[in-house]
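Scroll down for the structure; my scribbles are underneath it.
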């Protein structure tokens, strides 16, 4: 157990910091102090995460580290349990990094800035808390904690149909949370003299195969909404299409990863027998999702909806990697989650920049803005190349691991592997079609005279917006050139889980 409560400080710091925002002064009705204060808290939080993990985490140790355990409700063994291992060591800093940049992207927000920035900090706390939770009921509470600020961010800032999108989001996610809670309590309290909610103790328990299957499915419903997995994905395009682009960065960069993390942390690690049964279906659904979402993306007029379907397609690789149950495949899935956290957040920032100048999200109302916005065009092109897995980018490193991951799986027949590989390849071929066509519609050709004439005189990205893009681009290229930067953190844990359970 850790001698100093590093993780507790990291998880709880944003909440009191957010509660102080209403007390901050706002000279002349401005929000400058609020913006800088929130950015400072996010940066401090990110530096705390970086310091803690750099100086107190052993990458060769597959067990839980920096463990903190404080009694809460002892009768059901509900404790404040935190810790990190190879599964969470990458996603937690990613949360801090993307949230800090999203706060910077939210600079133009002027409507109810106190509530907006307080909600961002509350969401920050919930997501970091989920990735560090070592108690299954605490995991559920953190899962629920981020729903409220996300709903506020969606319902109050965004497009004309933002209330519809926010309501759809809360119905889907709250509906998925019900089986998550039932499964968590059943797993912790069923059939043993001493109830336990501790992940470490739950990993050593065994359940009747029928119960394990029911538990697996109950958890899977919640993760299928968050990841998202077809057919529970329809909330995501609506949400991205209406949300403020800084909120979209948080959704694409972090929130989707909560589903993949839960699938590994609980379903794969705690319910290995059921996972072996459902793994082929994960692979099949993942392969279908890659092609389906890529096909639908090309028909989207709204730039943010097109990027949203791109995210759904890329999450298919995560499903295939998890379903492969191989070292290289699972490492590829984890790398894909981190890679997409960077690559998925950046296009929304750039789409927001384009919207701020053109006042339209529709691709057929843009056209030709590349001449007046060359910096935005360059960055958009760079991240489009990363999204279609150009060699030298993190997307290429992740997807090139998922392919051999499924091929090397011993539990699948040769025809199955060939079919899945062909479907994956089709999805990869479709990716440049919808991405490059989006670039063509936005930046090439002639100005659309039907739309706002100010498009031809649109101002290019400023220093703040370029800084956000560069901060996301550098690790994208760095991980692509040296993927061991991430793989060295999670490989020991992956090997341990696979050797003990599969």
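Every residue number used here counts from 1 along the chain in the order it is shown.
Positions of Cβ are set from backbone N, Cα and C atoms, glycine also.
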Ask   = Looking at the ranges 62-82, 209-229, which is given as transmembrane segment in Swiss-Prot?
value = 209-229
Inquiry  = How about long-range neighbours of the transmembrane segment (169-189): same chain, 6 or more residues beyond its ends, C-beta under 8 Å?
reply    = 76-77, 136-137, 139-140, 143-144, 147, 150-151, 154, 195-197, 202, 207, 211, 215, 217-219, 221-226, 232, 235, 238-239, 270
Task = State the non-local partners of the transmembrane segment (39-59) in its own chain: residues 6+ outside its ends, Cβ under 8 Å from one of its Cβ atoms.
result = 2, 6-7, 9-10, 13-14, 17-18, 65-66, 84, 86, 89, 92-93, 96-97, 99-100, 103-104, 120-121, 124, 128, 488-489, 492
Most Cβ pairs under 8 Å with the transmembrane segment (387-407), selected from 89-109, 136-156, 209-229, 418-438, 466-486 = 466-486
Range from 89-109, 209-229, 244-264, 315-335, 466-486 with most C-beta pairs under 8 A to the transmembrane segment (418-438) = 315-335
Key: Stretch-level contact, the transmembrane segment (276-296) and the transmembrane segment (466-486), CB cutoff 8 A, at least 3 pairs   = no
Query = Are the transmembrane segment (244-264) and the transmembrane segment (115-132) close enough that 3 or more Cβ pairs fall under 8 Å, when only pairs 6 or more apart in sequence count?
reply = yes
Ask   = At least three Cβ pairs under 8 Å linking the transmembrane segment (315-335) and the transmembrane segment (209-229), pairs spaced 6 or more in sequence?
value = yes
